[in-house]
Amino acid sequence: IYYGSYLFKETWNIGVILLLTVMATAFVGYVLPWGQMSFWGATVITNLLSAIPYIGSTLVEWIWGGFSVDKATLTRFFAFHFILPFIILALVIVHLLFLHETGSNNPTGINPDSDKIPFHPYYTIKDALGLILMILILASLAMFSPDMLGDPDNFTPANPLNTPPHIKPEWYFLFAYAILRSIPNKLGGVLALLASIMVLLVIPLLHTSKQRSL
């Protein structure tokens, strides 16, 4: 935002869609362990859709595959968690194609063609090293400390008759949690949450300056 990258509308919009898809993947993946926090997190988040007038309840039951979060819901979320990474991969490729066509913005807002360097081998090597480092860190966590980042309540098997005293999301959804908690009205909270995300798509329309940066 500071660099004014939203002025490349196609690249920006694909990036926003990519962000939403990653968030959706994280959410459906969080449900898969089927612990207490997984079950009640799925119940709370999917119930937000019931705030939609007229079709809300029907939409929630359609997502659940029944009248409550159950095995049918888990199966559907597993399917989504498998399919969404392929969609993310396709969006990343499209995003990179747009980025290759338009280039990145910078604080000056000036097109710096004079001092550009080739993407390969300079950035491909840096990206490859970064990717290898991330894979090593994730593999180490998965093999040696798989429970380190887990919520203690989520090690308790899902029980619809026992509600945890504190249902809270992971850190990357805390902004949504804060918005929903700050507005007492259910529909108002959902609309505010949607607005906080969709405002990213509106930012390019709000830029009236001739300068390409802030």
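Here the Cβ of each residue, glycine as well, is placed from N, Cα and C on the backbone.
A TrEMBL annotation is a machine prediction, not a hand-curated record.
Taken verbatim from TrEMBL:
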DOMAIN    1-108  domain 'Cytochrome b/b6 N-terminal region profile'
TRANSMEM  12-32  transmembrane segment
TRANSMEM  44-65  transmembrane segment
TRANSMEM  77-99  transmembrane segment
DOMAIN    109-214  domain 'Cytochrome b/b6 C-terminal region profile'
TRANSMEM  128-145  transmembrane segment
TRANSMEM  187-206  transmembrane segment
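In the predicted model, the domain 'Cytochrome b/b6 N-terminal region profile' (1-108) has a mean pLDDT of 89. Cβ atoms under 8 Å from those of the transmembrane segment (187-206) belong to residues 1, 6-7, 9, 12-13, 16, 19-20, 48-49, 51-53, 175-176, 179-180 of the same chain, restricted to positions at least 6 beyond its ends. For the domain 'Cytochrome b/b6 C-terminal region profile' (109-214), the number of residues in each DSSP class (helix H, G, I; strand E, B; coil) is 63 helix, 1 strand, 42 coil.
According to DSSP, the secondary structure content of the domain 'Cytochrome b/b6 N-terminal region profile' (1-108) in residues is 83 helix, 1 strand, 24 coil.
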